[in-house]
Amino acid sequence: MDLSSDRTLKRTIQSDATYYVSSVAGSIAFICQPIGSLMSGFIVEFFGRKWSMILVNIPFLLGWLLYCFSSSITMLFTANIILGMGIGFMEAPIMTYLGETCQPHLRATITSFPGVTCQVSVFVVFLMGNITDWRSVAGINAALPIFTICYVVLMPETPIWLLSRGRYDDALRSLCWLRGWTTPDDVREEFNQLVVYSNAVNKTNFPVDKVGSTVVNNQVTRLFINCTYRLWREMLRPSTLRPLMLVVPYFLIQQFSGMASIRPYMVHVFRKFGLDDAAVGSAVIGIIGAVCLVSTVNWLGKRFLSLVALAGNGVSCLLLGVYSYVVLRPGGATQYEAAWLPLSLIVVLSFCSSVMFEVPWMMLSEVFPFRTRGIASGFSAAMCYVFLFVSSKTYLDMEQSLHIHGAFLLFAAVNAVGFIFVYYRMPRMEGRSLAEIEDYF
């Protein structure tokens, strides 16, 4: 019996098993996120933005507790599935709430803040993973949904959603709270504009009684089905379809532009370039990029920042692909190996990707008409996570078939196509009211 060949076979089997588990673990949450996103579209429309933001914390609490007390691969995968659905459920209510409560001159800045908090969270999780074990990190994260529920309970529902349900007094109180606990007289002009807008876009909606509450009778199931049918029919109208044709392709380009594909395997990719322990540094660069977005989006606009980010991504991926082909491939020119070059390019890639990351999520809060804002946002977020799953699930296969240089050259081509798309299709929306943007589309 050839013992050496037997050991080689065992190592091959173990390697294949590790590859499969890593591939599934790195992407299983992503394929579950579209389910949560599609659910959120209906829940946001029927239960409101505030209660949707409260409900979204339940899967996060359950998922992190499962992580903390898991004792098998099955429990870990279950936690990933629950967290994935929670992440998908989260996007539509948060961005819709921000878009409907912000004043036009502040909307771009405020809707970009979730990108900063997301990048900070990635950095903090990476940092905690370096100083403590993963179970402790999961236990700490499990406490966050409880605090979130406590402060969201104190927030009001959006005035425009309350108006669509005929709750005019509640809408006025909500607007007073949102504008700094002011008096009704101070917000009367803005409130009247919201009433006119609400009447124009909600000619057919939930019936309301004299005190403004939703009519509940034995036909509630039929009402729900009819409203759902109307929502999907509205999705095919130009006012919704045109912004969908902007947001969904943007998400496709974003997820195949480089960083999203390699993020679950970041340590593996960095080691290919001779860079160890660079994941935390990449998270720090992501925070800097998100802060730059917040600071400049009102001044430069999402369109200009998108073009700059796509150009930076494309050049970085192109040079990383060329470097990999020249230096890292078998028989390459190893005498030209220089760790500072891929490190610099990855810094640029991380920065530009973080700037580009939040732009389509910001558009979710403003490009869709009120009647379909919740369901269109949920559908767009679902498509984003489908693209994210495909890009992350196929990266290792892509690297095996095209090698690392081929993968990065493909990313460069995607960024080039994205640059052309954004240049011709994306308008400037900063400073416009939601009604003006709806009229534009």
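The backbone N, Cα and C atoms fix where each Cβ goes, and this holds for glycine too.
Taken from TrEMBL, the feature domain 'Major facilitator superfamily (MFS) profile' applies to 1-430.
Annotation source TrEMBL lists transmembrane segment at 20-44 (among others).
The transmembrane segment annotation in TrEMBL covers 73-98 (among others).
According to TrEMBL, the feature transmembrane segment maps to 110-131 (among others). Sequence-distant contacts of the transmembrane segment (110-131) (same chain, at least 6 residues past either end, Cβ-Cβ under 8 Å): 94-95, 98-99, 102, 137, 140-141, 279-280, 283-284, 286-287, 289-291, 293-294, 297, 354, 357-358, 361-362, 365-366.
What TrEMBL records for 137-155 (among others) is transmembrane segment.
Under the heading transmembrane segment, TrEMBL lists 243-266 (among others).
According to TrEMBL, the transmembrane segment annotation covers 278-300 (among others). If you look at the transmembrane segment (278-300), the same-chain residues 6 or more away from its ends with a CB under 8 A from one of its CBs are 105, 108-109, 112-113, 115-116, 118-120, 122-123, 126-127, 130, 266-267, 270, 343, 346-347, 350-355, 357-359, 362, 430-431.
What TrEMBL records for 307-328 (among others) is transmembrane segment. Taking Cβ pairs closer than 8 Å, the transmembrane segment (307-328) reaches residues 253, 257-259, 272-273, 334, 336-337, 341-342, 345-346, 348-349, 351-353, 355-356, 359, 403-409, 411-412, 415-416, 418-419, 422-423 in its own chain, all 6 or more past its ends.
Per TrEMBL, transmembrane segment is recorded for 340-363 (among others). Residues 91, 95, 108, 111-112, 114-115, 118-119, 243, 246-247, 250-251, 254, 257-260, 270, 273-275, 278, 281-282, 285-290, 292-293, 297, 302, 305-306, 308-313, 315-317, 319-320, 323, 380, 384, 429 of the same chain sit 6 or more residues outside the transmembrane segment (340-363) yet have a Cβ under 8 Å from a Cβ within it.
What TrEMBL records for 375-396 (among others) is transmembrane segment.
Under the heading transmembrane segment, TrEMBL lists 402-424 (among others).
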Can you work out whether the transmembrane segment (73-98) touches the transmembrane segment (375-396), with the criterion being 3+ CB pairs under 8 Å where the paired residues are 6 or more apart along the chain?
yes
